[in-house]
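Here the structure is laid out as structure tokens; the discussion comes afterwards.
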Amino acid sequence: TFIAIKPDGVQRGLCGEVMKFIQPMKQHYLDLKDMPFYAGLCKYMASGPVFAMVWEGEGIVKMMLGETNPADSKPGSIRGDFCINIGRNIIHGSDTLENAKMEIGLWFKGEEFVAYAEKAKAWVYE
């Protein structure tokens with residue numbers, strides 16, 4: 001899953017807190033271009049730095065992030081603990097595997113990743 005701590009999260013100094021949970025922005029959000037909030041979203045995302053990363057884990061990343069609307073997020077999730085507004089929910093996570101691949105390709109080059117195969121994974125997951 002592609003992860004980006006949004007400008008409000010960076011400005012609030014929450015990069016470290018989020019880490020404890022172990023191409024241009026217009027192109028990134030191109031699938032939302034027909035939505036009424038698109039221009040405002042692009043302006044907001046360009047208003048400051050973002051901290052981009054890639055997380056991997058079966059069924060855990062979305063649970064750690066919480067729901068898009070912080071009001072629907074459980075305590076113990078990033079959005080449940082640090083957010084109150086859907087428009088400023090501090091973190092982005094890809095909604096599908098296909099979008100994750102596209103978003104990761106916008107932000108990173110393939111050679112920036114290290115292949116890592118955890119041997120115990122076969123014992124934990126079928």
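Glycine too: its Cβ is placed from the backbone N, Cα and C atoms.
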* Asked: Swiss-Prot has Lys6, Phe37, Arg79, Asn89 down as binding ATP; which of Thr68, Thr96 does it also list for that site?
  -> Thr68
* Could you list the residues of the same chain, at least six apart in sequence, whose Cβ is under 8 A from the Cβ of Thr68 (ATP binding site)? => Arg79, Ile86, Asn89
* Structure fact -> Judged by other C-beta atoms within 10 Å of its C-beta, the most isolated of the recorded positions Phe37, Arg79, Asn89, His92 is Phe37
